[in-house]
Amino acid sequence: MGDMTNSDFYSKNQRNESSHGGEFGCTMEELRSLMELRGTEAVVKIKETYGDTEAICRRLKTSPVEGLPGTAPDLEKRKQIFGQNFIPPKKPKTFLQLVWEALQDVTLIILEIAAIISLGLSFYHPPGEGNEGCATAQGGAEDEGEAEAGWIEGAAILLSVICVVLVTAFNDWSKEKQFRGLQSRIEQEQKFTVVRAGQVVQIPVAEIVVGDIAQVKYGDLLPADGLFIQGNDLKIDESSLTGESDQVRKSVDKDPMLLSGTHVMEGSGRMLVTAVGVNSQTGIIFTLLGAGGEEEEKKDKKGKMQDGNVDASQSKAKQQDGAAAMEMQPLKSAEGGDADDRKKASMHKKEKSVLQGKLTKLAVQIGKAGLVMSAITVIILVLYFTVDTFVVNKKPWLPECTPVYVQYFVKFFIIGVTVLVVAVPEGLPLAVTISLAYSVKKMMKDNNLVRHLDACETMGNATAICSDKTGTLTTNRMTVVQAYVGDVHYKEIPDPSSINTKTMELLVNAIAINSAYTTKILPPEKEGALPRQVGNKTECGLLGFVLDLKQDYEPVRSQMPEEKLYKVYTFNSVRKSMSTVIKLPDESFRMYSKGASEIVLKKCCKILNGAGEPRVFRPRDRDEMVKKVIEPMACDGLRTICVAYRDFPSSPEPDWDNENDILNELTCICVVGIEDPVRPEVPEAIRKCQRAGITVRMVTGDNINTARAIAIKCGIIHPGEDFLCLEGKEFNRRIRNEKGEIEQERIDKIWPKLRVLARSSPTDKHTLVKGIIDSTHTEQRQVVAVTGDGTNDGPALKKADVGFAMGIAGTDVAKEASDIILTDDNFSSIVKAVMWGRNVYDSISKFLQFQLTVNVVAVIVAFTGACITQDSPLKAVQMLWVNLIMDTFASLALATEPPTETLLLRKPYGRNKPLISRTMMKNILGHAVYQLALIFTLLFVGEKMFQIDSGRNAPLHSPPSEHYTIIFNTFVMMQLFNEINARKIHGERNVFDGIFRNPIFCTIVLGTFAIQIVIVQFGGKPFSCSPLQLDQWMWCIFIGLGELVWGQVIATIPTSRLKFLKEAGRLTQKEEIPEEELNEDVEEIDHAERELRRGQILWFRGLNRIQTQIEVVNTFKSGASFQGALRRQSSVTSQSQDVANLSSPSRVSLSNALSSPTSLPPAAAGHPRREGVP
């Protein structure tokens, strides 16, 4: 099923439906069109067509009270006719597509070309071989084995390329598979409450069918479309679909339409499910997104754009998007990394990651150096040959000798290519891939799910973290820790006996009845764990208080079930309180109230004293209470809640709709301080961050006293330091000029000292992140990580260099915008991510240090050897063994070093610190000097030392010499021991430190050694080796061991003395910002204006827009009815200008669809600014 594209899925459903229409009283098509109506239109339509919602229930064979019978055949039939409640994911990329992507690497392309040339040349045998008189110059001793094995070199290079490509592709593929796995796991965990056969049950969202009666309550994300049947005070935030920020009140007679993907903000109720999966409103959008994406791809492939304008408008829309569009992007993992990659192709999501930038630069630098070296080699060889042949020996150029000369030149060219191949570090792409893949796998264990590979390494460079408070720094388990009851302020939970029984009874009733009955405290899942809190966390805290007082809230609730509640004033942001009215046995009424203490206390005129009797509570008593009780609680980081009640006579019955009179003259029962305790591991984690040079800032919606108190507990701020704690309002006042525009200079004055931003909106968060990233205030560009869980955190997560979404509390939208998902919502996991990121960086540096030493030595040996003896002492196949195989293994060995806590003791590297530091350069050159000295000693006086035949200038076709074999063997031994030196890059002395923590490393070093023995003793002609004696072996190993001693010598030389050392692989400030970034800033619009205008992005107009666009695309595909398309064209163009006015800087391709209205009056179409305000 999952493989089907959306459109197949769609057509299949349509077919099914036409054949089965008769079994139920209404077809899927009818229900779908019904759900597209809003408000009164919908009510009218229901009246005209069906009568009322009850009638629709009857037609769908379901009961509003009992729900569906829930029998398997019935459910199956419903799924067949009305579809299943799931949206098929996009097809994942095939393995071949991933292979093709991996082949695009520059280093690999250079290698491929070199390999193909060398293969081609090895099969080229020009005529005229027998002509002896042509040339006497010795073209180097080329023995038969080498001539026959000429193709091995090319083949070996190609093989290495294939290895790298397959490993890269496999990594991407397994990563995508992991995401899909995670995604399906997330989806299975999502459950929803429905009524079946009279029982209230929780079922997975995918199991919901049309006709189900679902119970909705505060905080739910609706899983399907439906009609509201009954409930109280249901208010829904439909901004994810309409962009309207106001909450929509639902009622059976005014607006009964409940849409999937919207959030319940208040109240509770029941709904009849009428559309699921691809037929629900969200599903339709996903289908259009999917289909739209595919069609656009096809269109791009054909390149049949008859008119650039539409293209421009579409691509523009793609680049920008309103917040509404944000919400609709399905989780990327659901469709694999696919959408992501397509977006990356059309416009880079972020700049290249720091490491990629540096590596690309380094690869280019090395490539250039290699090219120069190989060119010089070829030129010297050719000159030597021509001078020797035509000048010294005065030979004429004979026409019949031309092919032979050509062959000589070809041979020189091959030697040149060998030098080039040796110069390019093939292992590099592989090392990077292995290191990242290994880290990502291991980070999974540390509760970091990495969605974009490069995020893992960017995290190592992070200089700032902007974190949420609730749930990230704190446990998100509300607990009452202080209380003010009966004129006494208890600093911890009071002893039940110290509280008057009357007060206690009122208190328990007030809390148990006046809270959502869906909020409960359940026994812990595991032994010894904390009790589970279900529902609203603040109410859970209060219920927990009741349990701590050794009372029970269940009997109270069973005595007064939900249907008996007389009137409920649900909590909302305006009231900031919740009240419930009940009828007492004597027909009088009692109202319980609870809410933010500063608000509820203003409405209290009495308070219960120690004896449980009400006494007068005057405004001056209140001020004193604020000073003595409430402010101290807030400064301890507590939220204060006041619980109160009021009695009404039975007659005359009060006017319940007159809220101002009702919610007044209350009697205060108690004030409690609720704490959301700081996670125990957070202060330590933050201390680590600060030690590692990372500034932690807290961005929260809480009040500033509470925020400051929590920040002190976490260690984000230390009393006596110079720091800023601002509220959102104040922050905005300081960063905006008179016109209300944000100015970068003003932000630069604030952010370096800002530590806490309280009462902040999501827009403030985005502004802060953008301000820090764009700041040129410090010499290093700041690398910012952000945590977020809410839908509204999307833009900030996207803007940040690394966005962390919460795996448990996070909404889908937040996960979609993020780079890493914290599966345990814990701040200390971020510190682990920093550690891994730095480790990746160091692993790659270690590998480079090892690889470049090999390269420098090999190039110089090949170069001088070719120029002096006209034959490289290290043969091509031997070079490849060292270069490809050993390096590949070394990359595995060095890239899998586990991270240590010491990584957190240094400052972040930053963007313009070079990849190869001066210490590393010192190590590379120092070891190269040692290796070259020994190799040249062996080359020119080795035969005397070992009393063997000289391998230099050996005649043609002679068997491999012991002399050259010793050189090769020593070279390999030196590399092996240098691999151990390469484990440390900051000039540490103990290179064996922690070597046994990395079994891979030990295995690889020993394995390479074993293979080397086999090659030397049994390699024979292909490897140009002859077997060695034991004493010769001992010498080779001894010289290799010298590397370790020499390493200590190098470590003693202070780097600061070596001024001549250059660094390599540095990113300069100029290359920092690619073009797209600059353009992006131009398109960003002032947020205040966007907030004002978001209200105009009406949802159904958005739908029309998508349909118009799809039509335009189709028209262009068929090339038919071109006029019609052009007519729409003008409106599309003007809208694209509108989009520019409405967009936020994050980018998702839907924006164009959900932006400005289509139904513009003709005048407005010309002037996008005069937009029709709905």
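Each residue, glycine too, has its Cβ placed from N, Cα and C.
These numbers come from a predicted model, not from an experiment.
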Transmembrane segment per TrEMBL - which of 706-726, 1000-1020: 1000-1020
Candidate ranges 1049-1090, 1133-1174 [criterion: TrEMBL lists as region 'Disordered']: 1133-1174
Leading contact stretch, 371-392, 924-942, 1000-1020, 1032-1053 vs the transmembrane segment (412-438) - CB distance under 8 Å: 371-392
Other parts of the chain folded back onto the transmembrane segment (1000-1020), taken as Cβ under 8 Å at six or more residues beyond its ends: 145, 881, 886, 889-890, 892-894, 896-897, 960, 965, 968-969, 972-973, 976, 979-980, 983, 1026-1028
Cβ contacts under 8 Å made by the transmembrane segment (1032-1053) with residues that lie 6+ beyond its boundaries: 922-923, 926-927, 930-931, 934, 946, 962, 966, 969-970, 973-974, 976-978, 980-981, 987-989, 991
DSSP residue counts for the domain 'Cation-transporting P-type ATPase N-terminal' (47-123), split into helix, strand and coil: 46 helix, 3 strand, 28 coil
